[in-house]
Amino acid sequence: MIVQKMVSSNMSYALLAVPFFILAGLIMNSAGITQQMMRFCDLLLGHKVGGLAQVNVLLSTINGGICGSGAADAAMQCKILVPEMSKRGYPRAFSAAVTAASSLIAPMIPPGVALILYGVMTETSIGKMFVAGIVPGILMCIAEMIVVVIISRKNKYPPSRDHKAPAKEVLLSLKDSIWALIVPIVIIGGLRAGLFTATEGAALIIVVSMLVGFFIYKVLNPKELPGILKEAFRSTSSIMFMILSAVVFGMYLSWARIPQNITAWMLAFTNSPAVFMMIATALLLVFGMFISSTSLLMIMTPLLFPVAQAYGINAVQFGILIILNCAVGSLTPPLGGVMYLVCKMCNVTIVQFVKHVWPFILALIILIGLIMAWPQLTTFLPDLIYN
């Protein structure tokens with residue numbers, strides 16, 4: 001019975017979007033689209049205070065519409081931007097902190113993998129989750145840019161460009177980057193219009209990415225495809241294994257009636273949804289110090305979602321809160337997943353990293369508080385578009 005349940009859970013049509021979006025992101029990176037985006041971001045912000053650090057944040061925001069994975073975005077930025085930031089005089093630990101913090105935006109921007117997983121687990125509309133992630137993702141970008149500006153002014157970090165780029169040059173770069181910028185628009189527009197499902201949209205993006213790489217930018221080599229497929233398989237298999245483990249865990253929870261017991265205990269403890277959300281936030285931030293963000297999402301959603309429903313909390317708002325909390329936890333010691341990845345790739349110690357990353361963590365925790373206080377930050381766009 002357990003084996004049958006594990007197999008059937010991974011046969012979900014909606015889950016097929018996960019490997020497709022991962023593959024699409026890898027193809028777009030290899031197709032030169034990421035490099036075009038980096039040039040566009042540099043032309044747009046490079047002349048400002050802390051130019052390259054701001055480019056780092058904006059690039060992660062746009063890149064979220066391609067890969068949808070924080071770890072993938074962090075790995076890419078470590079290879080592309082961190083060496084360049086070091087050449088321009090930025091401390092390597094600061095570059096690592098900016099890269100790690102900005103990578104958390106990627107899962108929030110459609111088509112974020114975490115948004116898909118939450119939607120599948122809770123039977124919440126994936127289209128609504130995609131739309132709900134837009135405003136928090138933009139707010140994360142703004143909050144991190146504010147932190148970058150404050151730190152850069154204090155430490156006098158130089159801009160990457162001596163002067164503002166001409167408008168014509170920016171527009172030409174925008175034209176070259178348009179393929180990456182339209183991905184979220186195409187996905188959300190197609191889902192809302194009923195033209196395709198999330199899975200079909202992901203398959204469409206794969207085809208478009210290959211056509212752009214082969215025939216427009218002409219940098220994608222057919223010999224690279226086996227390596228891309230291998231990397232996509234590796235990333236997908238780890239996520240699917242987590243899903244299998246979560247299925248077994250969920251069966252145990254149902255058998256032991258743990259969600260029902262937690263719900264009864266919480267309702268007896270407090271009638272306030274706000275108090276419950278604060279308790280849930282504290283738990284997620286603490287557990288995020290020890291468990292990877294995807295694993296934490298898969299473990300805690302079956303536990304906390306029924307309680308949130310009992311309090312009448314909007315499923316979309318609660319999903320964004322869980323995903324954001326899990327992401328922030330991955331920045332913190334002792335075992336934060338993104339923290340370890342970035343420290344290893346950038347060759348910085350955890351102590352150096354923590355010294356520079358705490359302002360970003362503080363800014364994101366403030367944002368979590370705003371989302372708890374104003375649910376409209378997550379529900380306004382889904383209600384506007386779908387209702």
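Sequential numbering from 1, following the chain as shown.
Placement of Cβ uses the backbone N, Cα and C atoms for every residue, glycine included.
As stated in TrEMBL, the feature transmembrane segment covers range 53-72 out of the listed 53-72, 73-92, 333-352. Taking every listed stretch (12-33, 93-118, 275-299) in turn, the largest tally of C-beta pairs under 8 A with the transmembrane segment (130-151) is reached by 93-118. Taking every recorded stretch in 12-33, 93-118, 178-195, 201-220, 275-299 and counting its Cβ pairs under 8 Å to the transmembrane segment (357-374), the highest total belongs to 93-118. Between the transmembrane segment (12-33) and the stretches 93-118, 178-195, 201-220, it is 201-220 that has the most C-beta pairs under 8 angstroms. Here the transmembrane segment (178-195) has Cβ contacts under 8 Å with residues 28, 33-34, 36-37, 62-63, 65-66, 109-111, 126-127, 130-131, 134, 201-202, 204-205, 208-209, 212, 216, 385-386 of the same chain, all six or more residues outside its ends. Tertiary neighbourhood of the transmembrane segment (201-220): same-chain residues 16-17, 20-21, 23-24, 27-28, 30-33, 36, 111, 179, 183, 186-187, 190-191, selected by CB-CB distance under 8 Å and a gap of 6+ residues from either end.
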